[in-house]
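Participant: First the structure, then my questions, so here it is.
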Amino acid sequence: MTTPIRFELIKTCRQTGARLGILHTPHGSFETPMFMPVGTLATVKTLSPEELKEMGAGVILSNTYHLWLRPGHDIVEEAGGLHAFMNWDRGILTDSGGFQVFSLSEFRRIEEEGVYFRNHLNGDKLFLSPEKAVEIQNALGADIIMAFDECPPYPATYEYMKQSIERTSRWAERCLKAHRRPNEQGLFGIVQGGEYEELRRQSARDLVSLDFPGYAVGGLSVGEPKEVMNRVLEFTTPLLPADKPRYLMGVGSPDSLIDGAIRGIDMFDCVLPTRIGRNGTVMTSEGRVVIKNAQYARDFSPLDPNCDCYTCRNYTRAYIRHLIKCDETFGIRLTSYHNVYFLIKLMEQVRQAIREDRLADFREEFFECYGFNKPNAKNF
């Protein structure tokens, strides 16, 4: 059987061990480490596919749970799959819906068969199983699909986490058996286990034995301190095959992207750039800027003097502040564009630093300019 997803390792950074690679998908090949913008409902909020392409986005994310509810996976399938439905001819990854089931629904009951929960839109009772999650993702037609896993809260006890990862491993095997399009879609397994090294080892061992074409590290960026996330990555990524892509789910702050790459991660995704953009917060080479603040009312400089994105080439902080203060959609478009561009370009810089065997030096320079080295530094 030919796998639709292939990872090609190009170089390892001598200074850090970070990996430069190429992710080959049915819709193109893309350099890693990469940041994947999130388009929950088959759109990256306020941005067009053409804009994402001009930024250099390669793979984008869509959400199985949300698309199952609206418009329905049957409608997307009828349209010719997600690529045709949203006019995107590059890579797409869909998550399994597990995270939303565990985070959005107040009522839920976990059983061996699957999860019973309430629709967060109207309160209807719903059921999602490994088989159903894969069926929906087969219909959506993304290049990379994810196994259905349990997403335990942080913190969780060792006993609970052990039961959880063992269930997730059984569910992963059921996902593989249910997968109807293995020659067109790569199904990734998700390693869980919280902060417990022994459980991460057990989870990784179970999943690697099933020989997925790629692996995600799940259960991080759920409220734990950054030091815990980095420590977990340090003992988890070496457990995963070197010839398969490694995906850190739900992580998008600049410091975590760099620290994740240093610990062997190839793929990242997060709603962060568009979510904070809608609130008027932007990431710049000199740190975060809350554009609504009064100090920018007469600031006629670009958001980031070192950025060449469409927003920074054409508009000032004062103008963007005015738009955001007046709830103008164009303001949100401009901040979202800049933030997504910023993270895509950051990963270009990370890849170049790996080529030059100087990623640790780059990290130190970036952290110093951004302000991550200051006491009580913000997360983004």
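Using the three backbone atoms N, Cα and C, a Cβ is placed for every residue, glycine included.
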Participant: Which of Asp143, Asp149, Asp266, Asp269 shares the substrate site with Asp95, Ser96, Gly97, Gly98, Phe99, Gln192, Gly219 per Swiss-Prot?
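Facilitator: Record source Swiss-Prot; matching candidate: Asp149.
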Participant: Figure out which of His179, His338 sits with Cys307, Cys309, Cys312 in the Zn(2+) site per Swiss-Prot.
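Facilitator: Answer per Swiss-Prot: His338.
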Participant: Quick test of your reading of Swiss-Prot: among 180-186, 250-256, where does it put region 'RNA binding'?
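Facilitator: Feature region 'RNA binding' in Swiss-Prot: residues 250-256.
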Participant: If I go by Swiss-Prot, the feature region 'RNA binding' sits on one of 129-133, 194-198, 274-278. Which?
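Facilitator: It is 274-278 that Swiss-Prot annotates as region 'RNA binding'.
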Participant: Using DSSP reduced to three states, classify Gly97 (substrate binding site) as helix, strand or coil.
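Facilitator: Once the DSSP labels are grouped into three classes, Gly97 (substrate binding site) ends up as coil.
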Participant: I'd like to know which of the binding-site residues Gly98, Gly219 has the most other Cβ atoms within 10 Å of its Cβ.
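Facilitator: When each Cβ's neighbours within 10 Å are tallied, Gly219 leads.
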Participant: Using DSSP, what is the helix/strand/coil residue split across the region 'RNA binding' (250-256)?
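Facilitator: Within the region 'RNA binding' (250-256) the tally stands at 3 helix, 0 strand, 4 coil.
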Participant: So of Asp95, Asp149, Asp269, which of the recorded positions has the fewest other Cβ atoms within 10 Å around its own Cβ?
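Facilitator: Least crowded of the recorded positions Asp95, Asp149, Asp269, by Cβ count within 10 Å, is Asp269.
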Participant: Using the alpha carbons only, what distance in Å do you get between Gly219 (substrate binding site) and Asp269 (active site, nucleophile) once rounded?
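Facilitator: The Cα atom of Gly219 (substrate binding site) is 14 Å away from the Cα atom of Asp269 (active site, nucleophile).
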Participant: Of the binding-site residues Phe99, Cys307, Cys309, which one has its Cα closest to the Cα of Asp269 (active site, nucleophile)?
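Facilitator: Considering only the listed binding-site residues, the nearest one is Phe99.
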Participant: Run through the Cβ atoms and count how many others sit within 10 Å of the one on Ser96 (substrate binding site).
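Facilitator: That number is 30.
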